[in-house]
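All remarks here apply to the structure that follows.
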Amino acid sequence: MVKLTQRLGGLVLRFAAFCAALGAVIAMITSRERSSFFVISLVAKYSDLAAFKYFVIANAIVTVYSFLVLFLPKESLLWKFVVVLDLMVTMLLTSSLSAAVAVAQVGKRGNANAGWLPICGQVPRFCDQITGALIAGLVALVLYVFLLIFSIHHVVDPFLLRKS
């Protein structure tokens, strides 16, 4: 019964992480807004910024990985390798979220020292959608941290309980 509960808990966490990463990808990809000021037209889209592209690619990789691991049989020897992959995915999510948040912060507040003006006043819907994508990415990251702890415990625990 305990093994079934552990397996089910891991699957629920993985499915939630899959949904969060997929939501982050969808929210980021669909973020686009056009704004005009007299004769000047501004089009804001995620693909204009490398950090946002990286965020989309990283979360897409996490989405595919999460989906594939959901169907991994519980008897498979690959579960020991899943711990390593979970660690890599957690690091990938951390780096992509950090880069995207840094760029979003500059977009929201600007940088007076560099002479960069904030754009969220001109394209608020775009900025709100980016914020939603970043929140979904943060949720995916937190879930993957829990999954990493869960995976380490699941793989290492039998070795700790073994009698010598």
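From the backbone N, Cα and C atoms, a Cβ is placed for every residue, glycine too.
These figures come from a predicted structure and were not determined experimentally.
With respect to the membrane, Swiss-Prot annotates Glu33 and Val156 as residing on opposing sides. For the topological domain 'Cytoplasmic' (73-80), the DSSP-based tally of helix, strand and coil residues reads 2 helix, 0 strand, 6 coil. When each of 52-72, 81-101, 130-150 is checked for Cβ pairs under 8 Å to the transmembrane segment (9-29), 130-150 comes out on top.
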